[in-house]
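S.K.: Quick one: this structure, given as structure tokens, is what I'll be asking you about.
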Amino acid sequence: MDIVNDEFYMSLALDLAERAQGQTGINPVVGCVIVKNGALAGVGTHLERGTPHAEIHALNMAGTKAAGSTVYVTLEPCSHYGATPPCSERLIAEGVKRVVVACEDPNPLVAGKGIQMLRAAGIEVVTGILRERALRLNEAFIKFITTGQPFVTLKTASTLDGKIASKTGDSKWISSEESRELVHTLRHRHQGIMVGVSTVIADNPSLTTRLSVGGLHPVRIIVDSSLRMPLDSHVVSDGTAPTWILTTEQADEGKRTLLEERGIQVIPCGEGPRVDLKAAIAKLGQMGISSILLEGGGTLNGAMLEQKLVDRLIQFIAPKIIGGYDAPGNFMFSGYEQMNQAIVLTGLESKRLGDNIYITGIPVWM
């Protein structure tokens, strides 16, 4: 086994998969590279749910060169009939010699069966090449397929002293242009974007994806316990993307009717007086939302952290100090009494974006 070459071609397959983030819905993103006699023979990416998988695109490109080749795929080839036939069967039929897999598919319908099928047909299978990168790439899919609940990424931007706005509420702009561009890429990659109604009232945001090359708009999810949503707000009136409002059983029926007449989906989550966030996240999963970008204010961010509903945290830090005793911070909640109770992040990554620092990690929940 040539680990250096295996890692090189698997890295290429992962690069291909990354290009399709946001396009596949609840399906994973997958890349595939086929190599024959040291030369590329075919490449493929899963582009959209219900369309051919990455392996099929790559095999079609390789044609007769697939026989005796090595196939690099970022996720275990499927072994069951779903929207498309099993990729494992096609790999066997094409006579490939060797399959290198980054990680197993946690989908209970697959879960090692694809690898078993290939080995039973006499194909050499190598697993675990660049596994951690592959798992990171499909972290939302993995959580959704194993728990039925969406993967929640909390995104926030603050000054060096931890403020998300001035004491008067001004926040344009804390983050750099490069950071804001990345935020729109993150929106493109998530199925839903979540904010509280106070953000809508204060800023009247569109909550859409604005990229120079276009982008997919996520479902706009607004937490609004009392249905304070202005009827003339962009998220109600512009029709650019679906808007769902999470509210309570106590919410005003008349206001609910007015919103529904405008095409807004109103979803009760708990009896009240406040939205039951755990119930809301579970319900969003049942409705087919596998990933959420949380762009809330300090109060919603804090509530989601308190209830351990955040799977990844992203923070943009600007080299600015604004002060203000009453200026809002990133995470507004009652907090902990001891430092050893603090929420700790693991798997840290950081980089410069203009004059901003980007940092991301996974909360460790006790």
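Even glycines carry a Cβ here, placed using N, Cα and C.
As annotated in TrEMBL:
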- 4-126: domain 'CMP/dCMP-type deaminase' (DOMAIN)
- HIS53, CYS78, CYS87: Zn(2+) binding site (BINDING)
- GLU55: active site, proton donor (ACT_SITE)
- ALA157, TRP173, THR199, SER225, GLY297, GLY298, THR299, LEU300, ASN301, GLY302, ALA303: NADP(+) binding site (BINDING)
- SER171, ARG187, ASP203, LEU207, ARG210, GLU295: substrate binding site (BINDING)
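Let's see these features in context: how buried, what's close, how far.
M.R.: In the three-state DSSP reading, CYS78 (Zn(2+) binding site) counts as coil. Within its own chain, CYS78 (Zn(2+) binding site) has HIS53, THR84, PRO86, CYS87, SER88, ASP105, ASN107, LEU109, VAL110, GLY114 as residues 6 or more apart in sequence whose C-beta sits under 8 angstroms from its own.
In the three-state DSSP classification, GLU55 (active site, proton donor) falls within a helix. Contacts of GLU55 (active site, proton donor) defined by a Cβ separation under 8 A and a same-chain sequence distance of 6+ are given as VAL30, CYS32, GLY44, VAL71, VAL73, PRO77, CYS87, ARG90, LEU91, in order along the sequence.
In the three-state DSSP classification, ALA303 (NADP(+) binding site) falls within a helix.
Taking all protein chains in view, 24 other C-beta atoms sit within 10 angstroms of the C-beta of ARG187 (substrate binding site).
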S.K.: In sequence order, what residues of the same chain, 6+ apart, have a Cβ less than 8 Å from the Cβ of THR199 (NADP(+) binding site)?
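M.R.: Set apart from THR199 (NADP(+) binding site) by at least 6 residues yet with Cβ under 8 Å, we have PRO205, GLU295, GLY296, GLY297, LEU300.
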S.K.: In whole Å, note down how far the CA of THR299 (NADP(+) binding site) lies from the CA of LEU207 (substrate binding site).
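M.R.: It is 19 Å, counting Cα to Cα.
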S.K.: Please work out the mean pLDDT for the residues of the domain 'CMP/dCMP-type deaminase' (4-126).
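M.R.: The predicted confidence over the domain 'CMP/dCMP-type deaminase' (4-126), as a mean pLDDT, is 92.
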S.K.: Calculate the distance in Å between the alpha carbons (Cα) of ALA303 (NADP(+) binding site) and ASP203 (substrate binding site), and round it to a whole number.
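M.R.: Taking the Cα atoms only, ALA303 (NADP(+) binding site) lies 21 Å from ASP203 (substrate binding site).
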S.K.: Work through the binding-site residues one by one (ASP203, GLU295) and point out the residue whose CB has the fewest other CB atoms within 10 angstroms.
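M.R.: Counting other Cβ atoms within 10 Å of each of the binding-site residues ASP203, GLU295, the minimum falls on ASP203.
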S.K.: Can you check which residues sit near ASN301 (NADP(+) binding site), meaning Cβ under 8 Å from its Cβ, same chain, 6 or more apart in sequence, and list them in order?
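M.R.: In sequence order, the residues whose Cβ lies under 8 Å from that of ASN301 (NADP(+) binding site) (at least 6 apart) are LEU154, THR156, LEU294, ASN330, PHE331, MET332.
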